[in-house]
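According to TrEMBL, the features are:
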DOMAIN    2-159  domain 'Obg'
REGION    60-86  region 'Disordered'
COMPBIAS  76-85  compositional bias 'Basic and acidic residues'
DOMAIN    160-330  domain 'OBG-type G'
BINDING   166-173, 191-195, 212-215, 282-285, 311-313  GTP binding site
BINDING   173, 193  Mg(2+) binding site
DOMAIN    348-431  domain 'OCT'
REGION    441-479  region 'Disordered'
COMPBIAS  441-451  compositional bias 'Basic and acidic residues'
COMPBIAS  458-479  compositional bias 'Basic and acidic residues'
Ligand SMILES: Nc1nc2c(ncn2[C@@H]2O[C@H](COP(=O)(O)OP(=O)(O)OP(=O)(O)O)[C@@H](O)[C@H]2O)c(=O)[nH]1
Ligand SMILES: [Mg+2]
């Protein structure tokens, strides 16, 4: 059996950033040549891109785990690690990206529309980049940041102008096959169509797309037959076409009650009330079919439907139908504001990346620090390296975390957690030690490298230190 997949769960992992390198330049007779450790490369992103040549999500059903490559670590002699490669995942036009709770993250319509599902981790700075006027020989480097991973759901909602709905075997696929160049499977048993078929119709100057959905039966909203599952494909269409079978052999059915039942199911599905509808009476090549059509036409017209009598097999009435549809489609398009052909979907950032918050977490009895920067800095820190830990303390200090903790009432020895509950770094707060470390010995300072500094020089160094954050920002983006 062919499987059609229009909903998949996808697990993406962006590449990790490469670690920065801590290295000292070595040359004969120059024992202290200065730091020359290069930066780690950026991890690759995982990006979804609409590609019109892709029509199903089947690939992702078969391999739902996708990972971009990691950034390479930096090396000595100022060699930067290579960036990881972005992983581009082509998806069909009309793919909707949801989180596991069902919230829509992005709606990808239009060739080239892009969504970054997982952002690659930033590479760690090497010790050469961390060197500054006051920290001439850092004996540490920053770690690369792990790439984002995400569990997302992809749902396909076919982008078609016209959707054909109706009972199984009413002739929906047959109609597509004669109105367009598409060649869907047609057969005389119900549920031939398991996948929506898509065709392109040209009527005069108007070109539009037409799709069918698997047949509906009474109780589809309760999951009978193939259920209403596939109606998501008609959500984007601007016209609904009821395809009614005038020659069904089932004694308990007739086109009008078929129409009522399908309408009831559409109502159950919801959200389609505003779509204009027309009625197609199919199979009028069969004599009984024509008689029945003549009989019910006034009733349908009295209900306000525009009615077309066609035969997909004898190919009658098709031109009128396709031009009428073109007219409705053109009208709908004119009423809709023009969308740009290509959109880049940018995800809103979850956290304010400028600041941080300090709250007392009663359950865990810790002061909790949350914020994009402090949380990233934690991940960038090699906790086995005292100097790196000291640098972290400096950074937190500079951001004002220390002050904020003080204001929040934290005292020496209190627990401080940086990060979310499930993934935080917890330590005992030692404000005097942090501040003291800052005052007593400047971290990364190698006294063999410098003579005592005059007051003016010290002032300059202090200014340089203050500018450090800005420097890093300029070179490497917000740190
Ligand atoms: N005589 C006659 N038979 C038709 C006509 N249109 C379709 N059929 C026949 O009806 C049967 C069902 O046609 P399909 O196009 O597969 O019907 P469908 O609505 O797509 O059915 P599902 O995919 O099962 O929902 C096939 O045997 C067709 O040959 C028509 O205009 N006249
Ligand atoms: Mg079909």
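Glycine residues also receive a Cβ, built from the backbone N, Cα and C atoms like all the rest.
Features as recorded by TrEMBL, highlighted on the structure.
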residue : record           : DSSP (3 states)
166     : GTP binding site : coil
172     : GTP binding site : helix
192     : GTP binding site : coil
214     : GTP binding site : coil
283     : GTP binding site : coil
311     : GTP binding site : strand
Folded-back contacts onto the compositional bias 'Basic and acidic residues' (76-85), same chain, C-beta under 8 angstroms, at least six residues removed: 15-16, 18-19, 21, 23, 25, 36-44, 68-70, 120, 123, 126, 128, 147
Secondary structure tally of the domain 'OCT' (348-431) (DSSP, helix then strand then coil): 31 helix, 18 strand, 35 coil
Neighbourhood of residue 311 (GTP binding site), C-beta criterion under 8 angstroms, separation at least six: 282, 283, 284, 285, 317
Which same-chain residues, if any, lie at least 6 apart from residue 193 (Mg(2+) binding site) yet have Cβ under 8 Å of it: 172, 173, 184, 185, 212, 213, 214, 215
Neighbourhood of residue 166 (GTP binding site), C-beta criterion under 8 angstroms, separation at least six: 172, 215, 216, 242, 243, 244, 245, 258, 262
DSSP residue counts for the compositional bias 'Basic and acidic residues' (76-85), split into helix, strand and coil: 0 helix, 1 strand, 9 coil
Neighbour count (Cβ, 10 Å) for residue 173 (Mg(2+) binding site): 24
Annotated binding-site residues 166, 169, 195, 214, 283, 311, filtered by Cβ under 6 Å to ligand 2: none
Binding-site residues compared (169, 192) - highest count of Cβ atoms within 10 Å: 169
Most crowded position, judged by CB atoms within 10 A, among 172, 283 as binding-site residues: 172
